[in-house]
Amino acid sequence: MKHFITSADTDSVPQLVQKALDVKRNPRRYDQLGRYKTLGLLFFNPSLRTRLSTQKAAQNLGMSVMVMNFDKDGWQLETEEGIVMNGGNAEHVKEAAAVIGQYCDIVGLRTFARLQDAQADYEEKVIHQFRQYAGVPVVSLESEIRHPLQSLTDLLTIEYHRAKAKLSGRPKVVLSWAPHIKALPQAVANSFLEWTALMDYEVMLTHPTGAELSPEFTQGVTIEYDQKKALKGADFVYIKNWSSFSNYGQVIQAPDWKITQEKMALTNRAKLMHCLPVRRNLVIDDAVLDSAQSIVIEQAGNRETAAQTVLIELLKYLQTQDEPSDLAQSLIL
Amino acid sequence: MKHFITSADTDSVPQLVQKALDVKRNPRRYDQLGRYKTLGLLFFNPSLRTRLSTQKAAQNLGMSVMVMNFDKDGWQLETEEGIVMNGGNAEHVKEAAAVIGQYCDIVGLRTFARLQDAQADYEEKVIHQFRQYAGVPVVSLESEIRHPLQSLTDLLTIEYHRAKAKLSGRPKVVLSWAPHIKALPQAVANSFLEWTALMDYEVMLTHPTGAELSPEFTQGVTIEYDQKKALKGADFVYIKNWSSFSNYGQVIQAPDWKITQEKMALTNRAKLMHCLPVRRNLVIDDAVLDSAQSIVIEQAGNRETAAQTVLIELLKYLQTQDEPSDLAQSLIL
Amino acid sequence: MKHFITSADTDSVPQLVQKALDVKRNPRRYDQLGRYKTLGLLFFNPSLRTRLSTQKAAQNLGMSVMVMNFDKDGWQLETEEGIVMNGGNAEHVKEAAAVIGQYCDIVGLRTFARLQDAQADYEEKVIHQFRQYAGVPVVSLESEIRHPLQSLTDLLTIEYHRAKAKLSGRPKVVLSWAPHIKALPQAVANSFLEWTALMDYEVMLTHPTGAELSPEFTQGVTIEYDQKKALKGADFVYIKNWSSFSNYGQVIQAPDWKITQEKMALTNRAKLMHCLPVRRNLVIDDAVLDSAQSIVIEQAGNRETAAQTVLIELLKYLQTQDEPSDLAQSLIL
């Protein structure tokens, strides 16, 4: 694995999930693998879970970590080709990425959808330019439209509970939209569909009319507009709000879609999942979040395992690369 | 010791001070104790001494440290129970604390008094909810009304100088209010009284009328409204401004309370202490701060020792806890 | 070397450059030298390259690093002597420096020119007060008027390429002003002249009328007001914008000074250098930056080597100092 931006960067999603389960069992197995290696984490947006879990994962592997809040500690980056840079952006991503690649062996990047221009967001320009110009592996810490570390976490959490509960057969996994007062990105939902499609699950998507996701991610997915019908018999219920794709970035009003105990009673004693942060009693009722069915905290804990798994794969990739630079230099000098 | 929020969290304040003196003598004794352990430092407010001294202390013990400026790198936390979260707070402290507890073995937290509502401040809600929900030891890096790391530092500094000067008998320790132009919290003064009450000191509190602290902290403390009388024969003079408790958060005007050489001459060649930052010539004159009587820099240096002592106690507590999770997981999987 | 603020802090600039070439060849040679030592990095202004490269350099030496964005995580510092601090500055640099020196073995500091008052900027007050009061070695991460880590990087880059290209004789090194839309400091240009003057180079400075630098830095330097004449036969071309010194802080309008392929064709196939960030097509054309002549990314990579070299020298200095404090304390206690 050379980068970690979409599921296409993995050799096999199910195998990566198995590796994550191994890491969860033996978290200290590779505690020297990252020695002398540095992870740079660049945040263009606020972050709690991703920030802390990825740092922790790197430290578990003996890596050094450098964290930078790019928007606050640095400046705005230009992404257009050929432009005369006489505006607000002080540096082109070409230079920024290449320079950061000089100091870091792996670079993690968080960007957010601005939710104003679907095309601009769906191009994921910054992270793709980092992939092109950094010269080192790039890890998405959530881009405008994908959140692969979250999805690996989600599959790890599902597989762990399937094994624990000795569930046989294909589990029914329901992704349900829920209400929110702010316009949120579609990244978590998009990635969840992208990744679960590669597992042997019965996946069902449920949301109000108007909350349809991009066809790029829903192709082949069963959509059920009746939330209660969808929840029936579910083994795992994944709750997430997102703003409109068709009416791009608009908040969708549907307060009835809040998750309640009554709705959870329709499921097959499903485990409740959410990527957090969650607004209590707006998205999910206290009674559900505080019940034994909720595994959101454990799920958040698995973020560390997912990040560690990805870093292990990338560090192993780096080991396969020659590092003749020191030798070459000593011949020259 | 399971947490470090108030003096009641310690088994014995005098014994903890003795342990701090030991750490000061042998700072590298436990340099592997924190191996594989991670300290999370969450700042809801600016900090210099606490930020750097606590990081340094953790590194002295071989711990990994993750620092997060919660207000800038993250978002606002909700502390109310049962509320419908449709306002400005994006995450409930229940989730935030529990999640951070997934990645950190010990969590440090700095919050500040808002100085608008005494009852709200004196509830110290955020840190108590972290204690309740984080699932790991919580260290106060200053809460709304207490600053226990500062108090442990202060006692360590006093005891060190008592031994150095071979002072016999109970030292006279005076806490004096001093002027300031801004409304400052009462935390340092409150904690100083809470902690010195547990030592064999003659403690005297002096401040202008109107600067009375909360009775919760002044019960049994001798209060002298004449600053010069109070300073007479003092062995240690602790200077600190605080805003009004009764007229909550109001700035108290009393410029005459500034500390001058003349006032210091009344003491028993007392050592001058202050938690810093200090506004020169407003709170304390240059001539006093730059004199040999001032030990404010050494006192600040002792912050590292105090933090290291607290972390050692908490790490030792963690060692007594079973960690069967890896084993349990490998049996399940 | 006790500090690293100006070239006068070095024993010999050419020797330091040789040491940097050694570090580039053997980057892991001193990977334990910084054990138990802590580097504090204080940023009063945004930074990308300096922030990351200096952290990385310290980690290469086994040092712990603490990074603080002083302006955001802390507060404003007072630099005036004897002032009554009843304004916006919450702490005097005397205390701040001395306290930070308690926790850090070496302190790095970035300040920026405000470009409003030449005399104030050219006093470099904050860094000189840190040198005076911190009690530990101080490293400039760029001050108002100098950027010595950049200059050491620049000389290392030039010497590396001289050796690689087997250039004999004195290389012609041209520092050329280039256009910009914002008022930038003179620090990089000043330091470049200060440091190249100590090497056996033919240095030429070229800029439009009105862009004269401070005589303090241009004394003895050949100035050529015709950019094309200056570039003729150059081996190394260093591009940098700066604002006016005489009309202090004013933006100089001279769009014709942009670096183009045509201009580069006048040189002796010169290597193109720039400290970055660079605004493409405003300062330097894409065609030049993306050509083989541009070594700006490698130059940025050398920032790590330069910082590592400086830290090695300072750590070696610290080793020569006695550290009797632990012993002294155990005798006292």
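Positions of Cβ are set from backbone N, Cα and C atoms, glycine also.
Unlike curated entries, TrEMBL annotations are predicted automatically.
Remember, predicted model here, so these are calculated numbers, not experimental data.
Annotated domain 'Aspartate/ornithine carbamoyltransferase carbamoyl-P binding' per TrEMBL: C:2-159, in sequence order.
TrEMBL lists C:SER47, C:LEU48, C:ARG49, C:THR50, C:TRP75, C:ARG110, C:HIS147, C:PRO148, C:LEU149, C:GLN150, C:CYS275, C:LEU276, C:ARG303 with the feature carbamoyl phosphate binding site. Sequence-distant neighbours of C:CYS275 (carbamoyl phosphate binding site): residues of the same chain at least 6 apart with a C-beta under 8 Å from its C-beta are C:ARG49, C:HIS147, C:GLN150, C:ASP154, C:VAL188, C:LYS240, C:GLN299. According to DSSP, C:CYS275 (carbamoyl phosphate binding site) sits in a coil region rather than a helix or strand.
Under the heading N(2)-succinyl-L-ornithine binding site, TrEMBL lists C:GLU142, C:HIS180, C:LYS240, C:ARG279. According to its DSSP assignment, C:HIS180 (N(2)-succinyl-L-ornithine binding site) is coil.
Residues annotated as domain 'Aspartate/ornithine carbamoyltransferase Asp/Orn-binding' in TrEMBL: C:188-312.
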* **Mean of the pLDDT scores, which run from 0 to 100, over the domain 'Aspartate/ornithine carbamoyltransferase carbamoyl-P binding' (C:2-159)** => 95
* Asked: Of these binding-site residues, C:SER47, C:TRP75, C:LEU149, C:LYS240, C:ARG303, which are close to chain B by the rule of a Cβ under 8 Å away?
  -> C:TRP75
* **CB contacts for C:SER47 (carbamoyl phosphate binding site) [other CB atoms within 10 A, all chains]** => 22
* Structure fact -> Across the domain 'Aspartate/ornithine carbamoyltransferase Asp/Orn-binding' (C:188-312), DSSP labelling yields 46 helix, 20 strand, 59 coil
* **Chain A neighbours, filtered from binding-site residues C:SER47, C:ARG49, C:LEU149, C:ARG279, Cβ-Cβ distance under 8 Å** => C:SER47, C:ARG49, C:ARG279
* Cβ contacts of C:GLU142 (N(2)-succinyl-L-ornithine binding site) (under 8 Å, same chain, 6 or more positions away) -> C:SER47, C:THR50, C:ARG110, C:THR111, C:PHE112, C:LEU149, C:GLN150, C:ALA187
* Structure fact -> Filtered by Cβ under 8 Å and at least 6 apart in sequence, the residues in the chain of C:ARG279 (N(2)-succinyl-L-ornithine binding site) near it are C:HIS180, C:ILE181
* Structure fact -> Least crowded of the binding-site residues C:ARG49, C:HIS147, C:HIS180, counting other Cβ atoms within 10 Å of each Cβ, is C:HIS180
